[in-house]
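Colleague: Quick paste from TrEMBL:
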- Cys338: active site, nucleophile (ACT_SITE)
- Gln210, Glu260, Asn310: S-adenosyl-L-methionine binding site (BINDING)
- 233-295: domain 'Methyltransferase' (DOMAIN)
Amino acid sequence: KILQTLASRLEELGIDTQQPGGLCCPLQPIVPSPVINGYRNKSTFSVNRGPDGNPKTVGLYVGTGKGQNIVCVKANHIEHIPLKHKQVAQCYEDFIRRSPLDPCLLFHTGGHWRELMVRTTSCGHTMAIVTFHPQELGQEALATQKSLLKEFFTCGPGAICALTSLYFQESTMTRCSHEQAPFQLLHGEPHIFEEVLGLKFRISPDAFFQVNTAGAEALYRAVGELGQAGGDTILLDICCGTGAIGLSLAHQVSKIIGIEVVEKAIEDARWNAAFNGISNCEFHSGKAEAVLPQLLSSWEDAQPVVAVVNPSRAGLHYRVVRAIRNCKSIRRLLYISCKPEGEAMRNFTELCCPPDPGKKLTGDPFAPTLAIPFDMFPHTVHCELVLLLTR
Ligand SMILES: C[S@@+](CC[C@H](N)C(=O)[O-])C[C@H]1O[C@@H](n2cnc3c(N)ncnc32)[C@H](O)[C@@H]1O
């Protein structure tokens, strides 16, 4: 449907893609995930009222806001969440049920205990991040809560989780970056480590990492093949997170340039490069819309460039699209999206439409060339789409 929508958008702009089934380009079969159950390496559990009315229930929301029937249910029946995550969630629930402090159900009605994030890796590491609304608590009272939480997970009943890292974030907003509300390490190691395609990756609490590690390996392998990037090519890894895509392809190209907005993820990417002995790379921290136009404005056209973009659901900023489109050296572009029906569709259209000087889209248009969906999220309807665009 996405490829059909793109075909009809392009047709409206006078570009006839003429593929069977009304698609904008050939579509390969879905690449299966090597792991189907318990594949998630990151789970986020909410705290709210359960079906029995207990407001200290740790789990996932079901119901709808419109139907006013949202409840928080334990995640024990969810097949894509590994047992370890469920164990940490259960322990956190036990902890907050013993705590005299209230849960924070709505920010303005008070309460403290908020969501729990659990991250695990194939080397057996487990990171737990507890979010806490400080409300009016002073430093001393906060310190007491942190020490009770630490004690519970290190020498109390929570010790069965054998956490590698326990983080605490005092946060008054829905989602806060490390810069807005620092992740405070209460116990253990500051990072956990994951292996992808033979490389070791360090992961900070707020750095993005694909939630299905085995699925990510299949994805990165395909990116390497589709990019057709040779030894003289520069690979631009836009929205690079901890650098996983670029670093896994560093051996086949002349240089990797990664751009990422989360500062800690860039620190991880630099560490990952150094640890794995990869020196043909540079990582820029900042918004791609600020970094990329500047980087490409002084670009020598001689060297071929393959661009890989893997933005969050919000898609790419218009300035990023414009910079890519107007850089003649970029002949191949791999757009990887977990939500291709949203903002990404707008990006596809801007990348493929006829030149439009009014919008400063002067470079030749890209053409959708091949689409491959990856079953990155088994047990859900979502999939990760790789769209190869060439010109
Ligand atoms: C889907 S993740 C991809 C990460 C990486 N490619 C990987 O495979 O691990 C999207 C990344 O884009 C980053 N991001 C979001 N908005 C951005 C922006 N405006 N500029 C640069 N990076 C951004 C996020 O922090 C996140 O790390």
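Indices start at 1 and increase along the chain as displayed.
Using N, Cα and C of the backbone, Cβ positions are placed for all residues, glycine too.
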Colleague: If you take the centroid of the Cβ atoms of Gln210, Glu260, Asn310, the listed S-adenosyl-L-methionine site, which other residues of that chain have their Cβ within 8 Å of it?
Modeller: Phe208, Asp237, Cys239, Cys240, Gly241, Thr242, Ala244, Ile245, Ile336
Colleague: Only counting partners 6 or more residues apart, tell me which same-chain residues put their Cβ under 8 Å from the Cβ of Cys338 (active site, nucleophile).
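Modeller: For Cys338 (active site, nucleophile), the qualifying residues are Arg313, Met376, Phe377, His382, Glu384, Leu385.
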Colleague: Does Gln210 (S-adenosyl-L-methionine binding site) have same-chain partners at least 6 apart in sequence with Cβ under 8 Å from its own Cβ, and which are they?
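Modeller: Non-local contacts for Gln210 (S-adenosyl-L-methionine binding site): Ala216, Leu219, Ala244, Met376.
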Colleague: Go ahead and report the DSSP secondary structure tallies for the domain 'Methyltransferase' (233-295): helix first, then strand, then coil.
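Modeller: Helix, strand and coil residues of the domain 'Methyltransferase' (233-295) number 30 helix, 16 strand, 17 coil.
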Colleague: Just how many other Cβ atoms lie inside 10 Å of the Cβ on Asn310 (S-adenosyl-L-methionine binding site)?
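Modeller: Its Cβ has 23 other Cβ atoms within 10 Å.
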Colleague: Among Gln210, Glu260, Asn310, which the record lists as binding S-adenosyl-L-methionine, how far apart in Å are the two most distant Cα atoms?
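Modeller: The widest Cα-Cα gap among those binding residues is 15 Å.
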Colleague: For Glu260 (S-adenosyl-L-methionine binding site), which residues in the same chain are close in space, meaning a Cβ under 8 Å from its Cβ, but six or more apart along the sequence?
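Modeller: Those within reach of Glu260 (S-adenosyl-L-methionine binding site), by Cβ under 8 Å and sequence separation of 6 or more, are Cys239, Cys240, Gly241, Gly243, Ile266, Ala269, Phe283, His284, Ser285.
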